[in-house]
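Read the structure below first, then the notes.
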Amino acid sequence: MQNPIYTISRIAEILNADARLVDKQAFIQYLVIDSRSVLVPENSLFFALSSHRDGHGFIKDAYHKQIRNFVITEEKYINEYPDCNFIRVDDALKALQNLTVYHRNQFDLKTIGITGSNGKTIVKEWLYQLLAADYNIVRSPKSYNSQIGVPLSVWQIDTDNTLGIFEAGISAVNEMETLAEIIQPQIGILTNIGEAHAEGFSSKGEKLKEKLKLFAAAELFIYSPDYVSEINFQDLPGKKQFSWSSTQSADLRIIAVESLEGNCRLRAIYQDREIACMLPFNDRASIENGTICWATLLALGYSAEQADLRLEKLSHVSMRLELKNGINQCSIIDDSYSADISSLAIALDFLNQQNQHPKKTVILSELFETGRDDLDLYSEIADLLAQKKVNRLIGIGTHIAKYAQRFKFETQFFEDTNAFIDAFPALHFNHETILVKGARRFEFGRISKLLTQKIHDTVLEIDLNAMVGNLQFYRSKIKPGVKIMAMVKAFSYGSGSFEIANLLQFHKVDYLAVAYADEGIALRKAGITLPIMVMSPEESAFEAIIKHNLEPEIYSLEIFNSFLKALSDQNYDYPIHLKIDSGMHRLGFDEQDIDKLSELLKDAQQIKVQSIFSHLVASGASEHDGFTQQQIDKFNLIANKLTAILSCKPLLHIANTSGISRWPDAQMDMVRLGIGLYGFDSALSNNRGLQTTMVLKTTVTQIKTLDAGETVGYSRSGVMPNGGKIATVKIGYADGYSRAFGNGIGKMLINGYLVPTIGSICMDMTMLDITGIDVKPGDEAIVFNQEHSIIELAKQINTIPYEILTNISQRVKRVYFYE
Ligand SMILES: *Cc1c(COP(=O)(O)O)cnc(C)c1O
């Protein structure tokens, strides 16, 4: 069989849609939904989807990136771009899905569909590892499992593939039928079912029934009876079933889980005899995911012995890439666990997004894209690297080196990882961003270890996907046309500086705001080109502000005059922001200043009032709603007065995070999004809809057993009347863990147990009471995460999440994750 060839006119036919085609033979290989991620523009078809934002808004950007083929719903673009092909449909998402259903129908390969609340991606990746010896497998990239991700995954199928493994996730009823039609799985795997509310369903039963629609036509269904109690056995999908459980009778009945130094041995009854397997993991989630894979191998007909041999070789799957500080001022993007072309494209986008260093290096192993011709593969990689503006490639492996001449920039090649490591002392890495990306067998973890600064044992992990999710959440709440100013003052509320600003710039917020000029200067030096407002512009910093094109907040007549003086005659229309005091009584013009200010503004040609704004003091608190309304009214009055005398209309803004949803009429021209981006909003009960962005972890250094009556720490404040066991962890008040958490007020999570502090918090260390709990030196202690939340911590010491976050000192290493 041949791969189907899709010309644009063939696609128009398949979609049964109207088209205006200027080049009917344009060959389409890639489907693009994001104008920022384009592989080969001339063979790409852009779908203007409308999800959080209307995809039509990105047609211009896609056009600039040389894309000439579009699927749209709005006709008006057709005339704007006379040299492009357009297919017009009523629903661009449906069109994307229909096209991939057609594509799927061209192949009759075996397919496994995976759904469930957790573990889908890991089970998919592990099955890939387990089955790669016997099949040529196509699988969803990363966790592409949505209404958009599934079509993009299935589009990758080609004739060489003998097995497809696809995951499917849904968030509402009626979504699964579509995914089932696209994937058409013969084998179905249900990983598990968690709480219904977490995924937007009214009950567990509803959620389960919805998910199982994926398998309506499946031959074989693999599941645990523990997760399907809401359904009668005869209503389960699949012509045949295979079950696993550790609590009730099942085809694979787990009878024991023995943990052995990081590994674990599972024993089970299968076909009336006892069998066993080793897993190289021993955490709960991995044991469940490993059991699912075990059941799948057996259900597919592998013998217990074969299954055991393969399972013990499973390796850790990291779906996230990490951004860390490296040696010699480098930034390291560590994606050392996987290498295939689609994840390479994602990692390169991330590299491109981080602009802190002008030089970009990629350390890449050869890829194993089964069934692809090497020349074709490495030519595509060379184009991709050039397009993403990589300056240097360090290629590792003998295959990639053969295609050295395809890479038209600085290159160096090494036969294997050891050769690179031997040469490392003589290689110079300095002030550059380095992407480390390698296939598993190349063990690139060793390379990233060499390149990264020694990780202190206390780490603040920042989930960049969660942050983007929170940004999209607020985007969906603001009215069309309202701009977003993202507040990145105080190291983005403790989370980081240029790392976060680069992310926000990539995701196209309109403005950034910092507290001080030097914060803004640091961002400019890291490649941030967005407009930046400086809220406390010191007079001594005016020159630097102007030099770096930062925009000062002007809050008094004095500062207005002195800033005017600092501007030279060459400056014309320099952007400034006027702050009005509407009731906060911190900084800002008072009502009685306004006439004088108006006079000054009339003559000031050097400046341009870019915005006028004020700040709400209690936008999240209903008991102060009357006052908030007064603030809004007062601001409107003053802002309108000022606007009347200006020749350009300034942006008006007053709403902070909790104002966005509670005071939609105060969104005006722009909102200032702060704490919401980082996952907190006092206007939402339980921060519903927001994702946790930060986790603070430390490690246990030593364990001690104390006798009755002994005391712990300074001033002997930690008393153990009955004796017990304590653990010392590597975080103290100098790291931002307040002394107020001492003596049992604060708690940390170790191995799933919440344990209290004992004694006073020291400068660099804290002692925890772990009496009765199994803890070893080296174990992880979680200071806060999603379950043990910052909100709880803030309550314990009578403060607010803002303070907990911004107190985390710069000494604590930040590691950024991106999926
Ligand atoms: C910090 C700050 C914000 C953001 O407030 P959040 O409550 O974090 O959203 C908005 N405006 C001004 C002037 C600020 O200083």
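Using the three backbone atoms N, Cα and C, a Cβ is placed for every residue, glycine included.
These come from TrEMBL:
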- K489: active site, proton acceptor (ACT_SITE)
- Y714: active site, proton acceptor (ACT_SITE)
- R586, M763: substrate binding site (BINDING)
- 693-817: domain 'Alanine racemase C-terminal' (DOMAIN)
- K489: N6-(pyridoxal phosphate)lysine (MOD_RES)
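Structure with TrEMBL features highlighted.
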| residue | record | CB count, 10 Å |
| --- | --- | --- |
| K489 | active site, proton acceptor | 19 |
| R586 | substrate binding site | 10 |
| Y714 | active site, proton acceptor | 12 |
| M763 | substrate binding site | 9 |
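Residue counts for the domain 'Alanine racemase C-terminal' (693-817) by DSSP state, with H, G and I taken as helix and E and B as strand, are 23 helix, 48 strand, 54 coil. It is 40 Å from the Cα atom of R586 (substrate binding site) to that of Y714 (active site, proton acceptor). Across the fold, the C-alpha of Y714 (active site, proton acceptor) and the C-alpha of M763 (substrate binding site) stand 11 Å from each other.
When averaged over the domain 'Alanine racemase C-terminal' (693-817), pLDDT in the model lands at 94. DSSP assigns K489 (active site, proton acceptor) to a helix in the three-state reduction.
With respect to their backbone Cα atoms, K489 (active site, proton acceptor) and M763 (substrate binding site) stand 26 Å from each other.
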